[in-house]
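Enquirer: Starting off with a structure, shown below.
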Amino acid sequence: MWPFWLWQPPLFQLMTPVLCKTFVVAINNTDSAVFVNGKFCKDPATVTANDFFFPGLNIPGNTAASKLGSSVNLVNVDKLPGLNTLGISLARLDFAPYGLNPPHIHPRGTELLVVMEGRTNAVAFAGLSSQNPGLITIANAVFGSNPPINPDVLTKAFQLDKNVVDYLQKQF
C-alpha cells in the first residue's frame with residue numbers, strides 16, 4: 001500500500017488560485033475577433049453592468065394575445081448577453097385562468113419549472129440548462145410540420161378519424 005502522503009497534492013497547489021474565465025459577454029458585432037459558444041464576444045474592457053441586467057421579469061405577460069391563455073418571456077443569451085458561456089437561461093410564464101403551457105421539449109436543455117400561486121392569474125419561473133435551449137412544441141411538430149406528415153400515418157398512429165387529423169393539420 002502506498003504511503004498516505006504520496007496521495008496528497010503539494011501544499012502550494014492547494015493554495016494557488018485557479019485562473020479561469022469568469023464571463024464572456026456576447027455582442028452582435030462580427031468585427032470581434034473572438035467567437036465563443038456561437039456568439040461573438042465583447043471586449044472585456046467595455047463590459048458594463050447592463051450586460052448582466054434584464055428588465056421585465058416583474059411585468060406580467062399578455063395572456064389575452066394567445067390562444068393558449070399563456071405568455072412566455074424567455075431570457076436567453078440574445079436578451080441578456082452576460083449569459084454567454086454560462087449554460088443557463090430563464091423564463092417567466094404567465095397563465096390566465098385555464099391557460100396552459102403546451103407539451104414541448106427543449107432539444108438543447110433541461111427545464112425546471114416553479115409555479116407560483118395566484119388568485120386569478122398564475123405565474124411560473126423556469127430555469128433552463130442552456131443559453132439557447134430551443135423549443136419544439138409537440139402539436140406543431142406533429143400536425144404542423146412542413147412538409148406535412150401523411151394523414152394516414154397520423155390517423156393510424158393516434159387512432160383518430162381521418163377527418164379529425166385533417167382538422168388538426170389545418171389548425172397549424
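Note: Cβ is positioned from N, Cα and C throughout, glycine not excepted.
Caution: TrEMBL annotation is automatic and unverified by curators.
Keep in mind that what you see is a predicted model, and the values were worked out from it rather than measured.
Got these off TrEMBL a minute ago, pasting:
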- 1-20: signal peptide (SIGNAL)
- 55-166: domain 'Cupin type-1' (DOMAIN)
- Asn101, His106, Glu111: oxalate binding site (BINDING)
- His104, His106, Glu111: Mn(2+) binding site (BINDING)
Enquirer: If I restrict to non-local contacts, at least six residues apart, and a C-beta distance under 8 angstroms, what lies near His104 (Mn(2+) binding site) in its own chain?
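Expert: Same-chain residues close to His104 (Mn(2+) binding site) (Cβ under 8 Å, separated by 6 or more) are Leu135, Ile136, Thr137, Ile138.
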Enquirer: Report the mean pLDDT of the predicted model across the domain 'Cupin type-1' (55-166), rounded to a whole number.
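Expert: Within the domain 'Cupin type-1' (55-166), the model's average pLDDT equals 94.
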Enquirer: Residue counts in helix (H, G, I), strand (E, B) and coil for the domain 'Cupin type-1' (55-166), per DSSP?
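Expert: The counts are 25 helix, 30 strand, 57 coil.
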Enquirer: Residues other than Asn101, His106, Glu111 within 8 Å, Cβ to Cβ centroid, of the oxalate site?
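Expert: What remains near the Cβ centre is Ala91, His104, Ile105, Leu113, Ala126, Leu128, Pro133, Leu135.
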Enquirer: Sorted by position, what residues of the same chain at least six away from Asn101 (oxalate binding site) have a C-beta under 8 A from it?
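Expert: Asn101 (oxalate binding site) has long-range Cβ partners Leu68, Ser70, Val72, Leu93, Phe95, Ala124.
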Enquirer: Can you give me the same-chain residues 6 or more apart in sequence from Glu111 (oxalate binding site) with a CB-CB distance under 8 Å?
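Expert: Result: Ala126, Gly127, Leu128, Ser129, Pro133.
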Enquirer: Can you name the residues of this chain that are 6 or more positions from His106 (oxalate binding site) yet have a C-beta less than 8 Å from its C-beta?
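Expert: Expected: Leu128, Ser130, Pro133, Gly134, Leu135, Ile136.
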